[in-house]
Amino acid sequence: MKQLLIYCRPGFEKEAAAEIQDKASQMGCPGFARAKDDSGYVIYECFGEDDADLIARKLLFRELIFARQMLVVHAQVQDLPLDDRIAPLLEAAAGMELCGDIRVETPDTNDGKELSRFCRKFTVPMRQALRAKGLLTRQEMNNRPVLHLFFLANNHALLGYSYSFNNSPFHMGIPRLRFASDSPSRSSLKLEEAFHVFIPRHEWELRLTSGMRAVDLCAAPGGWTHQLVSRDMMVTAVDHNAMDAKLMDTGQVKHYKDDAFSWRPARQNTYWLVSDMVEKPARVVSIMAAWLVEENCQEAIFNLKLPMKKRYAEALHNLEQLKTKLAVLGGFHIQAKQLYHDREEITVHVYRPFKVAKLIPKD
Ligand SMILES: C[S@@+](CC[C@H](N)C(=O)[O-])C[C@H]1O[C@@H](n2cnc3c(N)ncnc32)[C@H](O)[C@@H]1O
């Protein structure tokens, strides 16, 4: 297979293209990316015959910043007859490895949204037809590849597969989250999405648990703080502006009307540091790195705003700076993603696993 399909936020095709081109070349799979502005996807054309499959298996999806999903294109089917799309799609799927699940998707664009109702309705008969042909397991199996049908128009689809151990587990690469009506701002969804993307579910009990202490820098009116409070954490919110009154009434929030850039906690008992500050990425990186290096927090989630032209280069440069500043820690994990709820920005997660390790009793 020679084509790799990457989903991305519309408007970020150049970044997604530059990133896949870079990463694929580094792993010895040269090629070129084809991207159309605002299309919501990128196709990477590999020079090597089996390279798309190799990339889909070996290039760690979680390390891609601008990709929402990554899959191998098996076939492109155009001019589908509208009264029977299934037969030609089944024909095109012949020879595919047995898949464990199907996702019928579209780009995240206005045109795509118009197709989403059709996609939902089409999933059931297509799934049945694939099962009858032996191309899909009888029961959903999450250890088999996922079959994707990516509709670009109602008669035009890309058919492909992703590896379940190296893909986004979400339909269209977008987690569906429900906005809590009592949250003071929709940005609470941004932090919730970050938790879903960065923290494995089986570790939530340990790393996102009630009673933990968190600090939210530039917190007002309190969307991110609300997300932490809803997980029963005790939050210190630092912002010159007022916090939402209902949030303060929970008794779980302490508000300091201080400067978020110089404020530090009196004690080293903060687990989470979060921040959605509107600042130059270099300054955000400096503050976050200082908190981590001074051992004022264990994990951090923050945004890097990218209003500039060279967004991919800027993101890479700042992540490199962050790594350099954190090197003294000896061990840490960094992940960065442009989340669905991110706009002109990416979200970064840093994790120092030491203290969690200390919590595990020694023999
Ligand atoms: C994008 S809003 C934060 C939204 C918040 N995370 C939420 O979810 O509701 C940015 C906030 O940063 C605060 N801010 C900007 N510079 C600050 C500083 N130097 N110290 C404290 N707060 C600051 C502003 O008052 C503003 O409330």
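We number each residue from 1, going along the chain as drawn.
Glycine residues also receive a Cβ, built from the backbone N, Cα and C atoms like all the rest.
In the record from TrEMBL, residues Ala220, Pro221, Gly222, Gly223, Asp239, Asp259, Asp276 bind S-adenosyl-L-methionine; the candidate from Ser181, Ser187, Ser210, Ser286 listed for the same site is Ser187. Between Asp239 (S-adenosyl-L-methionine binding site) and Lys305 (active site, proton acceptor), the C-alpha separation comes to 18 Å.
Per-residue pLDDT, averaged along the domain 'RlmM ferredoxin-like' (1-71), amounts to 97 for this model. Proximity of the recorded positions Ser187, Asp239, Lys305 to ligand 1, judged by a Cβ distance under 6 angstroms to any of its atoms, singles out Ser187, Asp239 in sequence order. Following the DSSP three-state reduction, the secondary structure of Ser187 (S-adenosyl-L-methionine binding site) is coil. Taking the Cβ of Gly223 (S-adenosyl-L-methionine binding site) as centre and 10 Å as the limit, one finds 24 other Cβ atoms among all the protein chains shown. In the three-state DSSP classification, Lys305 (active site, proton acceptor) falls within a strand.
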